[in-house]
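A.B. asks: TrEMBL feature annotations, pasted as is:
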- A:28-48: transmembrane segment (TRANSMEM)
- A:87-265: domain 'ABC transmembrane type-1' (DOMAIN)
- A:95-113: transmembrane segment (TRANSMEM)
- A:125-145: transmembrane segment (TRANSMEM)
- A:151-172: transmembrane segment (TRANSMEM)
- A:193-210: transmembrane segment (TRANSMEM)
- A:216-239: transmembrane segment (TRANSMEM)
- A:246-264: transmembrane segment (TRANSMEM)
Ligand SMILES: Nc1ncnc2c1ncn2[C@@H]1O[C@H](COP(=O)(O)OP(=O)(O)OP(=O)(O)O)[C@@H](O)[C@H]1O
Ligand SMILES: [Mg+2]
């Protein structure tokens with residue numbers, strides 16, 4: 001790095017690329033080092049006799065290697081499936097519930113945002129329902145829908161709905177007066193106003209809502225599945241492991257959950273970057 | 001063109017004259033209700049504007065210039081009196097009185113072309129797509145933006161944004177063009193360029209122009225008449241100054257004329273001695 005900086009004229013055009021690469025490398029290396037340190041601390045603490053019954057990271061890997069880590073795709077029928085299938089089942093529920101929440105949340109949010117009166121009357125209700133934790137919806141969902149699968153989807157839906165709805169409504173309400181004035185003076189038809197002004201203006205807010213919600217939806221599915229016995233899914237997998245006192249499996253599942261949640265967020269971020277014009281992020 | 005203020009005031013008062021004047025501000029007052037009582041911004045304002053005239057409005061900040069023009073554009077309504085365009089009272093905004101907004105008000109998610117097209121498409125829905133495209137391109141070329149049509153507003157400079165706003169306004173062929181301090185935020189050179197472009201376009205289009213400015217030189221270069229407002233509250237039109245320079249105007253030539261400094265000093269005296277602002281700006 002220092003060398004490259006000293007050879008000024010010839011390398012001056014290359015330097016930014018170089019330093020960018022270094023930065024990229026640094027972005028990966030630093031967290032990796034932190035991770036190794038944390039694992040080492042865990043290893044040491046868990047090795048001290050009498051301190052905890054949690055397994056060390058090394059033992060977690062040893063105990064779960066066969067078949068969970070080595071064969072994520074195995075399928076013995078029933079709920080005895082590899083972690084890939086467990087995660088996929090959970091993701092499927094999230095996809096359905098989340099899509100429903102997005103459709104309902106965005107449409108309802110636009111209606112609420114455009115109508116002061118509706119907004120005033122519904123806002124307190126939204127604000128209260130929003131704070132109900134996902135787990136609290138589970139018994140209601142089960143009571144109302146009887147079956148596990150639709151109940152799980154409902155819990156996802158109801159958890160993911162509020163941030164999307166509330167943010168969309170705020171986005172619509174925050175449309176700059178200038179844009180509305182342009183629409184008024186040009187006497188834009190309703191549909192033109194919707195697609196050329198309202199929707200794009202609210203889009204950054206909609207994305208904020210969508211991004212908050214994808215995280216919540218993933219949280220909710222774990223919670224919902226833990227309570228719902230006998231289904232394939234990473235949440236019930238954890239519960240099952242707990243019942244059988246397989247702590248290493250629980251820890252492994254947690255790693256999966258964290259990674260998937262992180263990936264989901266990254267995916268939304270990518271989508272946001274892709275769709276939102278640069279001036280609006 | 002060189003009519004005296006007295007005669008125009010007479011015409012405004014005597015509307016039974018054989019021809020209806022083009023744009024009339026008829027005994028207009030504007031009162032805003034505020035927390036501590038009502039606040040009278042404008043009181044008994046009268047103004048008659050002829051078709052094709054270029055009017056500049058000058059006055060201290062907060063005296064009510066925007067308020068006055070907003071009642072012509074239809075975004076705000078007189079508390080008393082009325083504003084009439086060709087005999088018809090103005091009740092709401094419409095494309096016959098197009099506005100160039102103070103902050104450009106371009107839609108950042110649409111390209112330069114699309115921003116202008118939006119207006120043309122809304123005002124001339126019966127025209128063919130090719131015809132509308134031709135109109136848009138013609139007007140963008142007129143303001144020197146033929147090469148930047150595909151750019152988005154965040155990618156272009158302030159001067160270019162103002163050009164787009166002007167092209168958008170003119171492309172729909174308004175009867176009245178309303179500009180609220182259009183060049184206030186631009187550097188001196190860009191400002192002069194745009195003033196000249198605006199004059200040239202106005203020469204071709206012959207629409208009626210109402211423009212707010214803080215710059216006396218700008219007003220003297222552009223306007224047929226300069227409307228000078230007294231200070232608020234309860235502001236009024238103090239005096240209307242005829243600007244007799246022959247058109248097409250040449251900036252250097254005008255500034256050599258002895259009348260130029262007489263007019264300039266007269267306006268300055270009005271603003272800084274007779275109606276000096278209480279607090280320094
Ligand atoms: N909606 C409103 N409610 C109350 N008062 C208002 C409102 N709009 C404007 N005013 C007041 O009316 C006065 C005139 O405002 P206006 O915007 O017309 O001034 P202006 O001459 O355009 O000033 P500037 O040169 O700074 O743009 C100001 O004192 C302002 O505070
Ligand atoms: Mg103003």
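Placement of Cβ uses the backbone N, Cα and C atoms for every residue, glycine included.
Quantities reported herein were computed from a predicted structural model and do not represent experimental measurements.
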A.B. asks: Sort out the residues at least 6 away from either end of the transmembrane segment (A:28-48), same chain, that have Cβ-Cβ distances under 8 Å to it, and list them.
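C.D. replies: Residues 54-59 contact the transmembrane segment (A:28-48) from elsewhere in the chain.
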A.B. asks: Honestly, do the transmembrane segment (A:125-145) and the transmembrane segment (A:216-239) touch, with at least three Cβ pairs under 8 Å and pairs 6 or more apart in sequence?
C.D. replies: yes
A.B. asks: Is it the case that the transmembrane segment (A:151-172) and the transmembrane segment (A:216-239) have 3 or more CB pairs under 8 Å, with pairs at least 6 apart in sequence?
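C.D. replies: Yes, since the transmembrane segment (A:151-172) and the transmembrane segment (A:216-239) share at least 3 Cβ pairs closer than 8 Å, they count as touching.
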A.B. asks: Take the C-beta pairs under 8 A between the transmembrane segment (A:216-239) and each of A:95-113, A:193-210, A:246-264. Which stretch has the highest count?
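C.D. replies: So the stretch in question is A:246-264.
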